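According to Swiss-Prot, the feature N-linked glycosylation site maps to ASN128, ASN173, ASN544, ASN640, ASN749, an assignment based on sequence analysis. The repeat 'Cys-rich GLG1 4' annotation in Swiss-Prot covers 249-309. What Swiss-Prot records for 633-691 is repeat 'Cys-rich GLG1 10'. Per Swiss-Prot, the feature repeat 'Cys-rich GLG1 14' maps to 875-942. Annotated repeat 'Cys-rich GLG1 15' per Swiss-Prot: 943-998, in sequence order. The topological domain 'Extracellular' annotation in Swiss-Prot covers 30-1108 and rests on sequence analysis.
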Amino acid sequence: MAPCGRVRSRCPGPALLLLLALAARPALAGPPAAALQAGPGLNAAGQPAQGAAPGAAGPRGARGGGGGSGGGWKLSEEAVCREDVVRLCSKHSWANNLAVLECLQDVREPDNEISSDCNHLLWNYKLNLTTDPKFESVAREVCKSTIAEIKECADEPVGKGFLVSCLVDHRGNITEYQCHQYITKMTAIIFSDYRLICGFMDDCKADINLLKCGSIRPGEKDAHSQGEVVACLEKGLVKEAEENDPRVQVSDQCKKAILRVAELSSDDFHLDRHLYFACRDDRERFCENTQAGEGRVYKCLFNHKFEESMSEKCRDALTTRQKLIAQDYKVSYSLAKSCKSDLKKYRCNVENLPRSREARLSYLLMCLESAVHRGRQVSSECQGEMLDYRRMLMEDFSLSPEIILSCRGEIEHHCSGLHRKGRTLHCLMKVVRGEKGNVGLNCQQALQTLIQETDPGADYRIDRALNEACESVIQTACKHIRSGDPMILSCLMEHLYTEKMVEDCEHRLLELQYFISRDWKLDVVLYRKCQGDASRLCHTHGWNETSELMPPGAVFSCLYRHAYRTEEQGRRLSRECRAEVQRILHQRAMDVKLDPALQDKCMIDLGKWCSEKTETGQELECLQDHLDDLVSDCRDIVGNLTELESEDIQIEALLMRACEPIIQTFCHEVADNQIDSGDLMECLIQNKHQKEMNEKCAIGVTHFQLVQMKDFRFSYKFKMACKEDVLKLCPNIKKKVDVVICLSTTVRNDTLQDAKEHRVSLKCRKQLRVEELEMTEDIRLEPELYEACKSDIKNYCQNVPYGNAQIIECLKEIKKQLSTRCHQKVFKLQETEMMDPELDYTLMRVCKQMIKRFCPEADSKNMLQCLKQNKNSEVMDPKCKQMITKRQITQNTDYRLNPVLRKACKADIPKFCQNILNRAKDDTELEGQVISCLKLKYADQRLSPDCEDQIRVIIQESALDYRLDPQLQMHCSEEISSLCAEEAAAQEQTGQVEECLKVNLLKIKTEMCKKEVLNMLKESKADIFVDPVLHTACALDIKHHCAAIPPGRGRQMSCLMEALEDKRVRLQPECKKRLNDRIEMWSYAAKVAPAEGFSDLAMQVMTSPSKNYILSVITVGICVLFLIGLMCGRITKRVTRELKDR
């Protein structure tokens, strides 16, 4: 090159060279012979040049050269180099000095060392080539048209030797083939030694000494291989950025010189001498067919950098060059060339920015990505280059000085030894996610910045670790999506936790999504569909701009707040944006770490309550379970998310996946609606116990129901239907169960009082009914009952499933064994269910078809009454009949559990059974005492007609099934077990047990049991219908002899007794036998149980076999008394009239 003084006067330092961008690898053939044959210290004619440096002519005896064609001086004929040339260079190149020079300076060291004298000769030859003005004439001849086009070079003074320097400086703009070849060869010569680079020595002398990059004088190192010094300075520049150590700082002038040298060598890897020597073998191994020039060899080597067979020294050299590219994009020839017009078009290199900032690769990528995301057109060549370098940054963390600077501790502690193919970055991501320890805020910010720079959300292939881990999943689950499409990531998220997902892909995907979820711009599809809405509603700025008022993480929160607004609330999202917001919400529901706000506010609570919940989706469920225990900020976030889920349960992606079969079968209509509004969850709840329902779905639906109980806002439809009623009638009540109780109590009171206008609105009453029915299915949905009975459930119903109200049914069946508090709650529940049988989940489930058959139009409150009336129908389902009997048994334990009886006997109960009521407790059964009392009064025929009708039915039913008589069952349990075990074990009860007890009356020892059996006998006298065995035996006789006599009040029984005494009447043998048995029983009963009143006495007389004799005696007695009265007159003293009239 020309003397540096002239060049630096035009443009200080190596800044003169800023315009170079492109070059092609030189051909082996050199420029015109005159230039190529000139030797050190010689002119073009081969004569010694004036002013040649001492020793320029080379060693003694080598002057005047000859031996070349045309008699020109040849390097190959110099004695000091002849042996090296013959040994190292092919014979056809000996005649060409530049070819020999290229051969010798590309020698593999230290395998084939060149002699010291030859090295010195080469140095002087190269120095002359770069400083001798006589070479200018060759350049003017070869580059005539190029010089005319480049004004700066045309203006250089003639004969001063500055022209070659100028042409090297503008090599990228040279299009003339021969000129380009000549100048490229000159550049290769210059770049072989830093001292030959114009200005480099002056700019970097102090830095070379500071960084100890080697001697600046020829000596220990070969004079022509001083490219190692430049490599050392490059490493110093890189180290400065990575360590931020004030003791190791490269001066600004030298920094510019280093980057300019790297830029000038960007087109041909031969020009980076250190990299060339380090990677020659690897070039042959990996890039043998790659033509040199335009940075192609560099790119090829970059692509193979992490191959196992890549040498370590080459990998280090490539990494250093990549780090320089990261500091100045112009060090990449292909990137600078492909993106030149786009950078200018989108003002990515405006003058007012600091040079160090706009030159950074990250700034270029961010600026051009911003244009792409705004929908601007960036050339495909430039986008291709951007993709390559984004992939490069993701592949090797060491190319990002911020990562090394901020994450050094995390790398050493958690990620050592994972330097290849992006594994270190993913390891750091894993640490940030909290899976391998804690991470500093600076490291997290550096990672977030790198993810924004590389933008892997736009193309998954940028993340090599993810690409390799997920290749099989993409080929199977996402093969319908074009390779590189941003929707690939969404597709992978949709298949997260499915059988198609592989574990390694799952980890890499979640690690990347953690960062994408923290900056809405990194989700390309979301940004594309929502940038208008975000600008309008959330006041966001450009893609690569940030705002303190609206940080990236807050934008999505703003969007989803608007996504679920009603039309009345206004300012809603566009349909496309809303769909994307829902997609993101679905993804976030899979992992709590994908929701930045949730993880930030709930970090302490997650550690406190959910440290053991590591399975998919368990952390959010755990937070919901402990909602009342969470700190305020976390509780608000979880509450808002749960409220959102109640409106659109499809956000719960894992639940939706588990429930897919049931949705397709039973809920496809509501699932297809774009606006959910809680319909889908309601449908799932209603079909929770279908046989198609799988366990995962049922558990998920039940869990959501349990969460809903914590706050009525979590039931979207209930909230929307009743929020005004709640504010008016139930203020300050939060829990759903309390709101339901408050509203249902209000509705019941208004109904009982026949209020003209209900205080609870019609739409709320309808939804309230839905909520009440849903709560009956699982005891956990009734928190007060569940809390009261927890210990009893553990003791008695431990293996019983919660669903289908099975626990509630279990508690009902063992009611007598329950703790007092639980017993009371169960009694209250039964009282409610008997008043409104539709709330009896088990009854409604078991008898669903029978209700459709027998009670399609029955009011819900009369449902059980209707079923009881049809219980003995031939087409009644046995299971339903059994369930009706169970409810009848329950009703007969206490009149309060039989609303119809309670209403019919409203006046009779306090009149006849007050003493029992006085002993009664509100929450404890009377064990049938009131009903037994009413039965006795029924026998005395003293009840009101309505009450009598109800008691008759109860007597008839209990006569067929002893279990319907709680007093009998309680007092005669031992007798039934010992005397009537076979009858009690019968599947169908038809009065056999009662008959057995009557027959064995004499064997009964227990007084209370005997009394109950005697009461049965007494009841049977009142009406034959209450004695099923006798009624069955005498059915034909009643039809023949007593058809005209209406039933009731013992009339048909008296008719049969008269027929038995009438000799003219022949009764059926069975009937006659049963009647005689009854008479004997009644006779014994009369002896054992004396009449308690006149009515009992009269009944005993009427049913006695000596009825006529007794009546005759009574009549005679009365007549005798009458006659005595007539004959004996007054017994009292007579009184005079005067005394009477006083």
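The backbone N, Cα and C atoms fix where each Cβ goes, glycine too.
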Among ASN128, ASN173, the one of these glycosylation sites whose Cβ has the fewest neighbouring Cβ atoms within 10 Å:
ASN173
Take the repeat 'Cys-rich GLG1 14' (875-942) and count its residues per DSSP category (helix H/G/I, strand E/B, coil), listing them in that order.
47 helix, 0 strand, 21 coil
Round to the nearest Å and give the CA-to-CA distance linking ASN173 (N-linked glycosylation site) with ASN128 (N-linked glycosylation site).
25
Residues of the repeat 'Cys-rich GLG1 10' (633-691) by DSSP state, where helix covers H, G and I:
44 helix, 0 strand, 15 coil
For ASN173 (N-linked glycosylation site), which DSSP three-state class applies?
helix
